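Beneath this line is the structure, given in C-alpha coordinates, with notes to follow.
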Amino acid sequence: MVHKREQWGTRIGLILAVAGNAIGLGNFLRFPVQAADNGGGAFMIPYMISFILLGIPLIWVEWALGRYGGERGHGTAVAVFDLIWRHPLAKYIGIFGVLIPLVVVVYYTYIESWTLIYSFFHLINEVPSTPLTADIKDYLKPFNDFLGGIIGASSGSDIFFTPPLETYLFFLVTLLLNLYIIYRGVSAGIEKVAKFAMPLIFIMAIILVIRVFTLTSPDGRNFLDGLGFLWNPDFSALKDPKVWLAAAGQIFFTLSIGFGAILTYASYLKPKSDVALNGLASASVNEFAEVILGGSIAITASVIFFGIAGTQYIASEGAFNLGFMALPAIFANIPYGAFFGFLWFLLLFFAGITSSIALMQPAMAFLEDEFGLSRDRAVKYLGAFLFVSSHIPIFLKGALDELDFWVGTFALVIFALFEVITFVWILGIPQLSEKLQEKSLLSKIFIVLKHSPEYAWKELNRYADIKIPRIFYYILSYIAPLFLIVILLWWFVTTLPAKFIPEHINGWIARLFILFVFILGVVLVKKSWERKYGRTSS
Ligand code: PHE
Ligand code: NA
(Lines of atoms letter the chains of each structure in order from A and count residues from 1; the text may use other names and numbers.)
(Lines give C-alpha, C1' and ligand atoms only; values in the text may rest on other atoms or scores of the structure.)
(Ligands and ions follow the chains in the order given, each with its own letter.)
Protein backbone atom coordinates (compact mmCIF):
# COMPACT_ATOMS: atom_id res chain seq x y z
CA MET A 1 0.00 0.00 0.00
CA VAL A 2 1.70 3.18 -1.13
CA HIS A 3 0.31 6.29 0.44
CA LYS A 4 1.10 9.80 -0.64
CA ARG A 5 3.72 11.25 1.70
CA GLU A 6 3.59 14.82 2.89
CA GLN A 7 6.07 17.50 1.86
CA TRP A 8 7.35 20.80 3.18
CA GLY A 9 5.71 23.81 1.58
CA THR A 10 8.59 26.22 1.02
CA ARG A 11 12.32 26.25 1.49
CA ILE A 12 12.24 28.96 4.11
CA GLY A 13 9.50 27.04 5.90
CA LEU A 14 11.64 23.92 5.78
CA ILE A 15 14.68 25.73 7.19
CA LEU A 16 12.60 27.25 9.98
CA ALA A 17 11.06 23.87 10.79
CA VAL A 18 14.45 22.18 11.02
CA ALA A 19 15.84 25.13 12.99
CA GLY A 20 12.82 24.72 15.27
CA ASN A 21 13.66 21.05 15.60
CA ALA A 22 17.22 21.81 16.63
CA ILE A 23 16.74 24.98 18.69
CA GLY A 24 15.18 23.87 21.94
CA LEU A 25 15.60 23.60 25.67
CA GLY A 26 19.07 22.32 24.87
CA ASN A 27 20.20 25.73 23.66
CA PHE A 28 18.89 27.84 26.50
CA LEU A 29 18.88 25.46 29.49
CA ARG A 30 21.24 22.57 28.83
CA PHE A 31 24.07 24.46 27.15
CA PRO A 32 24.62 27.02 29.94
CA VAL A 33 24.64 24.28 32.56
CA GLN A 34 27.07 22.08 30.62
CA ALA A 35 29.34 25.02 29.90
CA ALA A 36 29.37 26.22 33.51
CA ASP A 37 29.77 22.74 34.92
CA ASN A 38 32.76 22.06 32.67
CA GLY A 39 34.77 25.20 33.21
CA GLY A 40 33.29 27.75 30.79
CA GLY A 41 36.16 28.61 28.46
CA ALA A 42 37.54 25.12 28.96
CA PHE A 43 34.33 23.64 27.58
CA MET A 44 34.19 25.76 24.45
CA ILE A 45 37.24 24.31 22.69
CA PRO A 46 36.15 20.65 22.72
CA TYR A 47 32.68 21.93 21.97
CA MET A 48 33.75 23.65 18.76
CA ILE A 49 36.00 20.81 17.71
CA SER A 50 33.10 18.40 18.23
CA PHE A 51 30.85 20.65 16.19
CA ILE A 52 33.16 20.49 13.19
CA LEU A 53 34.31 16.89 13.44
CA LEU A 54 31.04 15.32 14.59
CA GLY A 55 28.20 17.80 14.37
CA ILE A 56 28.47 18.90 10.77
CA PRO A 57 29.22 15.47 9.27
CA LEU A 58 26.43 13.81 11.26
CA ILE A 59 23.95 16.48 10.31
CA TRP A 60 24.72 15.71 6.69
CA VAL A 61 24.45 11.97 7.28
CA GLU A 62 20.96 12.35 8.76
CA TRP A 63 19.79 14.72 6.06
CA ALA A 64 21.10 12.48 3.30
CA LEU A 65 19.65 9.31 4.85
CA GLY A 66 16.32 11.07 5.28
CA ARG A 67 16.17 12.26 1.71
CA TYR A 68 17.15 8.77 0.54
CA GLY A 69 14.27 7.28 2.51
CA GLY A 70 11.78 9.94 1.50
CA GLU A 71 12.50 9.36 -2.17
CA ARG A 72 11.51 5.75 -1.59
CA GLY A 73 8.44 6.50 0.49
CA HIS A 74 9.87 6.02 3.99
CA GLY A 75 10.66 8.43 6.81
CA THR A 76 12.38 6.46 9.57
CA ALA A 77 15.68 4.68 10.08
CA VAL A 78 13.76 1.40 10.31
CA ALA A 79 13.05 1.38 6.59
CA VAL A 80 16.14 3.32 5.54
CA PHE A 81 18.50 0.81 7.20
CA ASP A 82 16.47 -2.01 5.66
CA LEU A 83 16.79 -0.49 2.19
CA ILE A 84 20.51 0.14 2.45
CA TRP A 85 21.71 -2.94 4.36
CA ARG A 86 19.43 -5.47 2.64
CA HIS A 87 19.81 -7.58 5.75
CA PRO A 88 16.84 -8.68 7.90
CA LEU A 89 18.45 -7.43 11.11
CA ALA A 90 18.99 -3.88 9.90
CA LYS A 91 15.42 -2.74 10.43
CA TYR A 92 15.59 -3.77 14.08
CA ILE A 93 18.64 -1.58 14.61
CA GLY A 94 16.76 1.18 12.86
CA ILE A 95 14.14 1.04 15.62
CA PHE A 96 16.45 3.22 17.69
CA GLY A 97 15.69 6.04 15.30
CA VAL A 98 12.08 5.91 16.45
CA LEU A 99 12.55 4.75 20.04
CA ILE A 100 15.11 7.36 21.11
CA PRO A 101 13.01 10.41 20.21
CA LEU A 102 9.87 8.69 21.51
CA VAL A 103 11.33 8.08 24.95
CA VAL A 104 13.02 11.48 25.13
CA VAL A 105 9.80 13.29 24.31
CA VAL A 106 8.10 11.64 27.28
CA TYR A 107 10.15 13.75 29.70
CA TYR A 108 10.98 16.61 27.33
CA THR A 109 7.30 17.53 27.07
CA TYR A 110 6.97 17.47 30.84
CA ILE A 111 9.84 19.95 31.30
CA GLU A 112 8.35 22.02 28.48
CA SER A 113 5.10 22.21 30.45
CA TRP A 114 6.98 23.67 33.44
CA THR A 115 8.10 26.55 31.22
CA LEU A 116 4.46 27.20 30.40
CA ILE A 117 3.57 27.18 34.10
CA TYR A 118 6.41 29.56 34.89
CA SER A 119 5.52 31.98 32.12
CA PHE A 120 1.91 31.92 33.23
CA PHE A 121 2.80 32.67 36.85
CA HIS A 122 5.12 35.48 35.77
CA LEU A 123 2.34 36.90 33.63
CA ILE A 124 -0.06 37.11 36.56
CA ASN A 125 2.84 38.16 38.80
CA GLU A 126 2.46 35.24 41.18
CA VAL A 127 6.15 34.52 41.62
CA PRO A 128 8.11 34.68 44.85
CA SER A 129 10.21 37.64 45.80
CA THR A 130 13.68 36.95 46.98
CA PRO A 131 15.98 38.84 49.38
CA LEU A 132 19.07 40.53 48.00
CA THR A 133 21.71 38.68 49.93
CA ALA A 134 25.23 37.54 49.37
CA ASP A 135 24.41 33.97 50.28
CA ILE A 136 23.49 32.10 47.11
CA LYS A 137 21.45 29.47 48.90
CA ASP A 138 19.29 32.10 50.58
CA TYR A 139 19.00 34.06 47.36
CA LEU A 140 17.73 31.04 45.45
CA LYS A 141 15.65 29.48 48.20
CA PRO A 142 12.29 31.03 47.26
CA PHE A 143 12.70 29.79 43.69
CA ASN A 144 14.02 26.47 44.84
CA ASP A 145 10.82 26.06 46.84
CA PHE A 146 8.77 27.33 43.93
CA LEU A 147 10.09 24.65 41.59
CA GLY A 148 9.74 22.07 44.34
CA GLY A 149 6.11 23.07 44.73
CA ILE A 150 5.42 22.76 41.02
CA ILE A 151 6.91 19.32 40.60
CA GLY A 152 5.75 18.14 44.02
CA ALA A 153 9.20 17.36 45.35
CA SER A 154 8.71 18.20 48.99
CA SER A 155 6.18 15.58 49.97
CA GLY A 156 8.50 13.70 52.25
CA SER A 157 8.28 10.62 50.08
CA ASP A 158 11.48 9.31 48.54
CA ILE A 159 9.65 7.46 45.82
CA PHE A 160 6.89 9.74 44.58
CA PHE A 161 6.48 13.29 43.46
CA THR A 162 3.13 14.72 44.46
CA PRO A 163 2.58 17.58 42.04
CA PRO A 164 -0.50 19.77 42.46
CA LEU A 165 -3.38 19.51 40.03
CA GLU A 166 -2.28 22.66 38.12
CA THR A 167 0.95 20.99 37.14
CA TYR A 168 -0.90 18.02 35.78
CA LEU A 169 -3.33 20.22 33.88
CA PHE A 170 -0.57 22.36 32.37
CA PHE A 171 1.13 19.19 31.28
CA LEU A 172 -2.05 17.93 29.60
CA VAL A 173 -2.49 21.24 27.80
CA THR A 174 1.11 21.06 26.59
CA LEU A 175 0.73 17.49 25.39
CA LEU A 176 -2.55 18.19 23.63
CA LEU A 177 -1.10 21.25 21.92
CA ASN A 178 1.79 19.15 20.63
CA LEU A 179 -0.53 16.45 19.38
CA TYR A 180 -2.75 19.01 17.70
CA ILE A 181 0.18 20.47 15.75
CA ILE A 182 1.28 16.99 14.69
CA TYR A 183 -2.27 16.16 13.73
CA ARG A 184 -2.41 19.21 11.42
CA GLY A 185 0.47 17.68 9.49
CA VAL A 186 3.95 18.47 8.28
CA SER A 187 3.22 21.58 6.28
CA ALA A 188 -0.02 22.89 7.84
CA GLY A 189 1.11 22.05 11.38
CA ILE A 190 4.85 21.82 11.98
CA GLU A 191 5.94 24.24 9.27
CA LYS A 192 3.28 26.80 10.08
CA VAL A 193 4.13 26.80 13.78
CA ALA A 194 7.83 27.16 12.99
CA LYS A 195 7.19 30.17 10.76
CA PHE A 196 5.40 31.83 13.61
CA ALA A 197 7.51 30.68 16.57
CA MET A 198 11.04 30.98 15.22
CA PRO A 199 11.04 34.74 14.60
CA LEU A 200 9.44 35.22 18.02
CA ILE A 201 12.12 33.11 19.67
CA PHE A 202 14.83 35.29 18.15
CA ILE A 203 13.10 38.53 19.10
CA MET A 204 12.51 37.42 22.68
CA ALA A 205 16.07 36.14 22.98
CA ILE A 206 17.52 39.41 21.70
CA ILE A 207 15.44 41.44 24.15
CA LEU A 208 16.68 39.23 26.98
CA VAL A 209 20.29 39.47 25.85
CA ILE A 210 20.05 43.25 25.83
CA ARG A 211 18.54 43.23 29.31
CA VAL A 212 21.26 40.92 30.64
CA PHE A 213 24.00 43.00 29.02
CA THR A 214 22.76 46.09 30.84
CA LEU A 215 22.73 44.41 34.27
CA THR A 216 25.28 45.21 36.93
CA SER A 217 25.52 43.45 40.26
CA PRO A 218 25.64 45.27 43.61
CA ASP A 219 29.35 44.50 43.78
CA GLY A 220 29.99 45.91 40.32
CA ARG A 221 30.26 42.94 37.98
CA ASN A 222 28.80 43.34 34.51
CA PHE A 223 28.27 41.31 31.36
CA LEU A 224 31.96 41.34 30.44
CA ASP A 225 32.61 39.08 33.42
CA GLY A 226 30.02 36.68 32.10
CA LEU A 227 31.37 36.68 28.57
CA GLY A 228 34.91 36.32 29.90
CA PHE A 229 33.95 33.11 31.67
CA LEU A 230 32.73 31.53 28.45
CA TRP A 231 35.16 33.00 25.97
CA ASN A 232 38.56 32.94 27.70
CA PRO A 233 39.93 29.71 26.30
CA ASP A 234 41.44 27.32 28.80
CA PHE A 235 43.52 24.70 27.05
CA SER A 236 44.35 22.70 30.15
CA ALA A 237 40.94 21.00 30.06
CA LEU A 238 41.70 19.39 26.71
CA LYS A 239 43.25 16.53 28.64
CA ASP A 240 40.07 15.83 30.59
CA PRO A 241 37.83 13.13 29.07
CA LYS A 242 34.88 14.32 31.13
CA VAL A 243 34.91 17.68 29.38
CA TRP A 244 35.15 16.05 25.95
CA LEU A 245 32.25 13.72 26.68
CA ALA A 246 30.13 16.60 27.91
CA ALA A 247 31.01 18.72 24.87
CA ALA A 248 30.30 15.97 22.36
CA GLY A 249 27.11 15.06 24.22
CA GLN A 250 25.91 18.64 24.04
CA ILE A 251 26.65 18.76 20.28
CA PHE A 252 24.52 15.66 19.80
CA PHE A 253 21.66 16.91 21.88
CA THR A 254 21.57 20.43 20.56
CA LEU A 255 21.84 19.54 16.88
CA SER A 256 19.26 16.76 17.32
CA ILE A 257 21.67 14.23 15.81
CA GLY A 258 21.62 10.56 16.64
CA PHE A 259 17.91 10.73 17.38
CA GLY A 260 16.49 10.03 13.94
CA ALA A 261 14.44 13.21 14.13
CA ILE A 262 16.42 15.12 11.50
CA LEU A 263 16.19 12.05 9.29
CA THR A 264 12.43 12.11 9.50
CA TYR A 265 12.21 15.85 8.76
CA ALA A 266 14.51 15.41 5.75
CA SER A 267 12.29 12.64 4.41
CA TYR A 268 9.63 15.25 3.64
CA LEU A 269 11.88 17.13 1.21
CA LYS A 270 10.55 17.81 -2.25
CA PRO A 271 12.14 15.78 -5.05
CA LYS A 272 15.57 17.00 -6.17
CA SER A 273 16.25 18.93 -2.99
CA ASP A 274 19.63 19.94 -1.71
CA VAL A 275 20.76 18.57 1.64
CA ALA A 276 24.27 20.02 1.83
CA LEU A 277 23.30 23.65 2.21
CA ASN A 278 20.08 22.95 4.11
CA GLY A 279 21.97 20.85 6.64
CA LEU A 280 24.76 23.36 7.10
CA ALA A 281 22.35 26.30 7.34
CA SER A 282 20.16 24.71 9.98
CA ALA A 283 23.17 23.61 12.03
CA SER A 284 24.63 27.11 11.86
CA VAL A 285 21.39 28.74 12.93
CA ASN A 286 21.28 26.39 15.90
CA GLU A 287 24.84 27.25 16.88
CA PHE A 288 24.09 30.96 16.68
CA ALA A 289 21.07 30.44 18.92
CA GLU A 290 23.17 28.37 21.29
CA VAL A 291 26.50 30.09 21.82
CA ILE A 292 25.48 33.66 21.03
CA LEU A 293 21.94 33.81 22.41
CA GLY A 294 21.86 30.85 24.81
CA GLY A 295 25.35 31.69 26.05
CA SER A 296 24.44 35.30 26.77
CA ILE A 297 21.37 34.90 28.93
CA ALA A 298 21.28 32.48 31.86
CA ILE A 299 25.01 31.95 32.28
CA THR A 300 25.94 35.61 31.81
CA ALA A 301 23.27 36.88 34.19
CA SER A 302 24.33 34.32 36.75
CA VAL A 303 28.02 35.25 36.58
CA ILE A 304 27.09 38.93 36.96
CA PHE A 305 25.12 38.23 40.13
CA PHE A 306 26.78 35.23 41.67
CA GLY A 307 30.28 35.29 40.20
CA ILE A 308 32.00 32.43 38.41
CA ALA A 309 32.37 30.18 41.43
CA GLY A 310 28.75 30.80 42.38
CA THR A 311 27.55 30.00 38.86
CA GLN A 312 29.53 26.79 38.79
CA TYR A 313 28.09 25.84 42.12
CA ILE A 314 24.54 26.50 40.90
CA ALA A 315 25.08 24.52 37.72
CA SER A 316 26.57 21.60 39.62
CA GLU A 317 23.56 21.44 41.93
CA GLY A 318 21.13 20.46 39.17
CA ALA A 319 20.40 20.75 35.49
CA PHE A 320 17.45 23.07 36.03
CA ASN A 321 18.88 25.40 38.64
CA LEU A 322 20.36 27.99 36.32
CA GLY A 323 17.27 28.51 34.17
CA PHE A 324 14.49 27.77 36.64
CA MET A 325 16.01 29.28 39.80
CA ALA A 326 18.97 31.61 39.28
CA LEU A 327 17.56 33.58 36.38
CA PRO A 328 14.05 34.18 37.79
CA ALA A 329 15.61 35.05 41.16
CA ILE A 330 17.74 37.70 39.46
CA PHE A 331 14.74 39.00 37.54
CA ALA A 332 12.76 39.20 40.77
CA ASN A 333 15.08 41.98 41.90
CA ILE A 334 15.11 44.19 38.81
CA PRO A 335 12.43 46.61 37.54
CA TYR A 336 9.77 44.91 35.42
CA GLY A 337 11.36 41.62 36.43
CA ALA A 338 8.07 39.73 36.09
CA PHE A 339 7.89 40.80 32.46
CA PHE A 340 11.40 39.57 31.71
CA GLY A 341 10.68 36.34 33.52
CA PHE A 342 7.57 35.94 31.44
CA LEU A 343 9.60 36.47 28.24
CA TRP A 344 12.27 34.03 29.33
CA PHE A 345 9.84 31.20 30.02
CA LEU A 346 7.75 31.91 26.97
CA LEU A 347 10.94 31.77 24.92
CA LEU A 348 11.69 28.40 26.49
CA PHE A 349 8.19 27.20 25.80
CA PHE A 350 8.32 28.10 22.10
CA ALA A 351 11.80 26.65 21.75
CA GLY A 352 10.57 23.53 23.52
CA ILE A 353 7.44 22.94 21.52
CA THR A 354 9.11 23.24 18.12
CA SER A 355 11.49 20.54 19.35
CA SER A 356 8.99 18.22 21.00
CA ILE A 357 6.91 18.00 17.85
CA ALA A 358 10.11 17.00 16.06
CA LEU A 359 10.69 14.29 18.63
CA MET A 360 7.18 12.95 18.03
CA GLN A 361 7.30 12.91 14.26
CA PRO A 362 9.48 9.80 13.76
CA ALA A 363 6.85 7.68 15.53
CA MET A 364 4.20 9.29 13.33
CA ALA A 365 6.21 8.60 10.18
CA PHE A 366 6.68 4.99 11.29
CA LEU A 367 2.97 4.39 11.85
CA GLU A 368 2.01 6.15 8.62
CA ASP A 369 4.71 4.80 6.31
CA GLU A 370 5.05 1.27 7.61
CA PHE A 371 1.49 0.56 8.73
CA GLY A 372 -0.33 2.79 6.27
CA LEU A 373 -2.21 4.43 9.15
CA SER A 374 -3.98 7.68 8.51
CA ARG A 375 -2.60 10.70 10.32
CA ASP A 376 -5.45 10.99 12.78
CA ARG A 377 -5.27 7.35 13.77
CA ALA A 378 -1.51 7.58 14.17
CA VAL A 379 -1.91 10.64 16.42
CA LYS A 380 -4.39 8.75 18.58
CA TYR A 381 -1.99 5.87 19.17
CA LEU A 382 0.90 8.23 19.77
CA GLY A 383 -1.14 10.37 22.14
CA ALA A 384 -2.32 7.38 24.15
CA PHE A 385 1.23 6.09 24.45
CA LEU A 386 2.63 9.46 25.53
CA PHE A 387 -0.16 10.13 27.99
CA VAL A 388 0.31 6.83 29.77
CA SER A 389 4.13 6.91 29.70
CA SER A 390 4.41 10.46 30.96
CA HIS A 391 3.24 9.34 34.39
CA ILE A 392 6.65 7.80 34.91
CA PRO A 393 8.64 11.07 34.98
CA ILE A 394 5.75 13.01 36.50
CA PHE A 395 5.31 10.78 39.53
CA LEU A 396 8.46 8.73 40.01
CA LYS A 397 11.49 10.42 41.54
CA GLY A 398 14.72 9.69 39.70
CA ALA A 399 13.03 8.32 36.59
CA LEU A 400 13.60 11.41 34.46
CA ASP A 401 17.36 11.36 35.04
CA GLU A 402 17.53 7.67 34.30
CA LEU A 403 15.68 8.02 30.99
CA ASP A 404 17.80 11.03 30.11
CA PHE A 405 21.02 9.17 30.76
CA TRP A 406 20.36 5.91 28.92
CA VAL A 407 18.28 7.20 26.06
CA GLY A 408 18.92 10.95 25.81
CA THR A 409 22.69 10.75 26.31
CA PHE A 410 23.99 7.25 25.71
CA ALA A 411 21.84 5.43 23.15
CA LEU A 412 22.05 8.23 20.64
CA VAL A 413 25.82 7.98 20.36
CA ILE A 414 25.49 4.31 19.47
CA PHE A 415 22.72 5.01 17.02
CA ALA A 416 24.75 7.81 15.42
CA LEU A 417 27.56 5.33 14.88
CA PHE A 418 25.15 3.02 13.06
CA GLU A 419 23.96 5.92 10.94
CA VAL A 420 27.48 6.82 9.87
CA ILE A 421 28.37 3.20 9.17
CA THR A 422 25.21 2.79 7.11
CA PHE A 423 25.83 5.89 5.08
CA VAL A 424 29.59 5.79 4.63
CA TRP A 425 30.37 2.08 4.58
CA ILE A 426 27.25 0.20 3.49
CA LEU A 427 25.56 2.44 0.96
CA GLY A 428 28.30 1.96 -1.62
CA ILE A 429 28.67 -1.83 -1.34
CA PRO A 430 26.22 -2.82 -4.11
CA GLN A 431 28.10 -0.65 -6.58
CA LEU A 432 31.34 -2.30 -5.57
CA SER A 433 30.10 -5.84 -6.12
CA GLU A 434 32.17 -6.31 -9.24
CA LYS A 435 35.36 -5.21 -7.56
CA LEU A 436 34.59 -7.42 -4.59
CA GLN A 437 34.20 -10.64 -6.51
CA GLU A 438 36.56 -13.47 -5.69
CA LYS A 439 38.59 -11.46 -3.23
CA SER A 440 39.74 -12.55 0.19
CA LEU A 441 37.85 -11.15 3.16
CA LEU A 442 40.70 -8.84 4.05
CA SER A 443 40.99 -7.29 0.63
CA LYS A 444 37.19 -7.02 0.50
CA ILE A 445 37.25 -4.97 3.68
CA PHE A 446 40.05 -2.86 2.30
CA ILE A 447 38.16 -2.17 -0.94
CA VAL A 448 35.02 -1.19 0.95
CA LEU A 449 36.91 1.09 3.33
CA LYS A 450 38.64 2.77 0.46
CA HIS A 451 35.86 3.10 -2.09
CA SER A 452 32.52 3.00 -0.31
CA PRO A 453 32.78 6.58 1.02
CA GLU A 454 32.89 7.83 -2.58
CA TYR A 455 29.27 6.79 -3.02
CA ALA A 456 28.26 8.43 0.23
CA TRP A 457 29.98 11.60 -0.92
CA LYS A 458 28.13 11.45 -4.24
CA GLU A 459 24.83 10.93 -2.45
CA LEU A 460 25.48 13.88 -0.17
CA ASN A 461 26.39 16.15 -3.06
CA ARG A 462 23.44 15.20 -5.24
CA TYR A 463 21.50 18.42 -6.06
CA ALA A 464 23.76 20.29 -3.66
CA ASP A 465 23.52 24.07 -3.64
CA ILE A 466 27.02 24.49 -2.23
CA LYS A 467 30.34 22.92 -2.95
CA ILE A 468 31.42 21.19 0.24
CA PRO A 469 35.18 21.50 0.80
CA ARG A 470 36.94 18.25 0.06
CA ILE A 471 38.35 18.06 3.58
CA PHE A 472 34.91 17.08 4.76
CA TYR A 473 35.17 13.96 2.64
CA TYR A 474 37.87 12.76 5.01
CA ILE A 475 36.18 14.08 8.11
CA LEU A 476 32.94 12.34 7.19
CA SER A 477 34.51 9.09 6.05
CA TYR A 478 37.22 8.52 8.59
CA ILE A 479 37.46 11.08 11.37
CA ALA A 480 33.81 11.19 12.45
CA PRO A 481 33.40 7.40 12.77
CA LEU A 482 36.71 7.14 14.63
CA PHE A 483 35.76 10.00 16.93
CA LEU A 484 32.48 8.23 17.71
CA ILE A 485 34.22 4.98 18.51
CA VAL A 486 36.70 6.74 20.80
CA ILE A 487 33.86 8.50 22.60
CA LEU A 488 32.04 5.23 23.11
CA LEU A 489 35.14 3.51 24.46
CA TRP A 490 35.71 6.37 26.85
CA TRP A 491 32.16 6.07 28.01
CA PHE A 492 32.49 2.39 28.61
CA VAL A 493 35.56 2.92 30.71
CA THR A 494 34.88 6.14 32.60
CA THR A 495 31.14 6.48 32.96
CA LEU A 496 29.29 3.23 32.47
CA PRO A 497 30.64 1.12 35.34
CA ALA A 498 29.30 3.60 37.88
CA LYS A 499 25.89 3.52 36.22
CA PHE A 500 25.10 -0.16 36.41
CA ILE A 501 23.18 0.19 39.63
CA PRO A 502 20.73 3.07 39.29
CA GLU A 503 21.03 5.90 41.77
CA HIS A 504 17.40 5.55 42.65
CA ILE A 505 15.21 2.50 42.97
CA ASN A 506 12.85 4.02 40.41
CA GLY A 507 15.71 3.76 37.95
CA TRP A 508 14.72 0.12 37.57
CA ILE A 509 11.22 1.10 36.57
CA ALA A 510 12.63 3.53 34.02
CA ARG A 511 14.79 0.74 32.64
CA LEU A 512 11.88 -1.66 32.45
CA PHE A 513 9.99 1.00 30.56
CA ILE A 514 12.83 1.38 28.04
CA LEU A 515 12.93 -2.39 27.62
CA PHE A 516 9.19 -2.50 27.14
CA VAL A 517 9.30 0.21 24.46
CA PHE A 518 12.06 -1.63 22.66
CA ILE A 519 10.13 -4.91 22.65
CA LEU A 520 7.04 -3.08 21.46
CA GLY A 521 9.14 -1.64 18.64
CA VAL A 522 10.50 -5.04 17.62
CA VAL A 523 7.02 -6.54 17.55
CA LEU A 524 5.61 -3.68 15.49
CA VAL A 525 8.46 -3.77 12.98
CA LYS A 526 8.10 -7.53 12.60
CA LYS A 527 4.35 -7.21 12.11
CA SER A 528 4.60 -4.48 9.53
CA TRP A 529 7.23 -6.32 7.50
CA GLU A 530 5.17 -9.49 7.55
CA ARG A 531 2.20 -7.52 6.42
CA LYS A 532 4.10 -5.92 3.58
CA TYR A 533 6.31 -8.71 2.33
CA GLY A 534 4.86 -11.90 3.76
CA ARG A 535 6.50 -14.16 6.31
CA THR A 536 9.53 -15.15 4.27
CA SER A 537 11.44 -11.89 4.45
CA SER A 538 11.72 -11.48 8.21
N1 PHE B 1 17.90 19.79 19.77
C2 PHE B 1 16.86 19.93 20.74
C3 PHE B 1 17.31 20.88 21.83
O4 PHE B 1 18.33 21.49 21.74
C5 PHE B 1 16.44 18.61 21.32
C6 PHE B 1 15.98 17.66 20.29
C7 PHE B 1 16.67 16.51 20.04
C8 PHE B 1 14.87 17.96 19.53
C9 PHE B 1 16.26 15.66 19.03
C10 PHE B 1 14.44 17.11 18.53
C11 PHE B 1 15.15 15.96 18.29
O12 PHE B 1 16.62 21.05 22.79
NA1 NA C 1 19.55 22.82 19.98
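Placement of Cβ uses the backbone N, Cα and C atoms for every residue, glycine included.
Annotations in TrEMBL come from automatic prediction, not curation.
According to TrEMBL, the transmembrane segment annotation covers 12-31 (among others).
The annotation transmembrane segment is assigned in TrEMBL to 43-65 (among others).
If you look up TrEMBL, you'll see 92-111 (among others) marked as transmembrane segment.
The transmembrane segment annotation in TrEMBL covers 168-186 (among others).
Sequence annotations record features per position, and here TrEMBL assigns transmembrane segment to 193-214 (among others). Listed by sequence, the residues of this chain that lie at least six past the ends of the transmembrane segment (193-214) yet keep a Cβ under 8 A from its Cβ atoms are 12-13, 16-17, 19-20, 23, 28, 181, 223, 226, 289, 293-294, 296-297, 300-301, 304, 340, 343-344, 346-347, 350-351, 353-354, 357.
Marked as transmembrane segment by TrEMBL: 243-268 (among others).
If you look up TrEMBL, you'll see 288-314 (among others) marked as transmembrane segment.
As annotated by TrEMBL, transmembrane segment applies to 334-360 (among others).
The annotation transmembrane segment is assigned in TrEMBL to 381-400 (among others). Only residues 6 or more beyond the boundaries of the transmembrane segment (381-400), in the same chain, are considered here, and those with a CB under 8 A from a CB of the stretch are 102, 105-107, 109-110, 153, 157-161, 163, 167-168, 171, 175, 179, 182, 360, 363-364, 367, 373, 502-507, 509-510, 513.
The transmembrane segment annotation in TrEMBL covers 406-429 (among others).
The feature transmembrane segment is assigned by TrEMBL to 471-493 (among others). Long-range contacts of the transmembrane segment (471-493) within the same chain: residues 50, 52-54, 56-58, 60-61, 241, 244-245, 248, 410, 413-414, 416-417, 420-421, 424, 453, 456-457, 460, each at least 6 residues beyond the stretch ends and with a Cβ under 8 Å from a Cβ of the stretch.
Sequence-distant contacts of the transmembrane segment (505-525) (same chain, six or more residues past either end, CB-CB distance under 8 Å): 78, 91-92, 94-95, 98-99, 102-103, 159, 366, 370-371, 389, 392, 396-399, 402-403, 406-407. The transmembrane segment annotation in TrEMBL covers 505-525 (among others).
Between the transmembrane segment (92-111) and the transmembrane segment (243-268) there are 3 or more Cβ pairs closer than 8 Å, counting only residues 6 or more apart in sequence, so the two stretches are in contact. Counting Cβ pairs under 8 Å to the transmembrane segment (43-65), the stretch among 12-31, 168-186, 288-314, 334-360, 406-429 with the most such contacts is 406-429.
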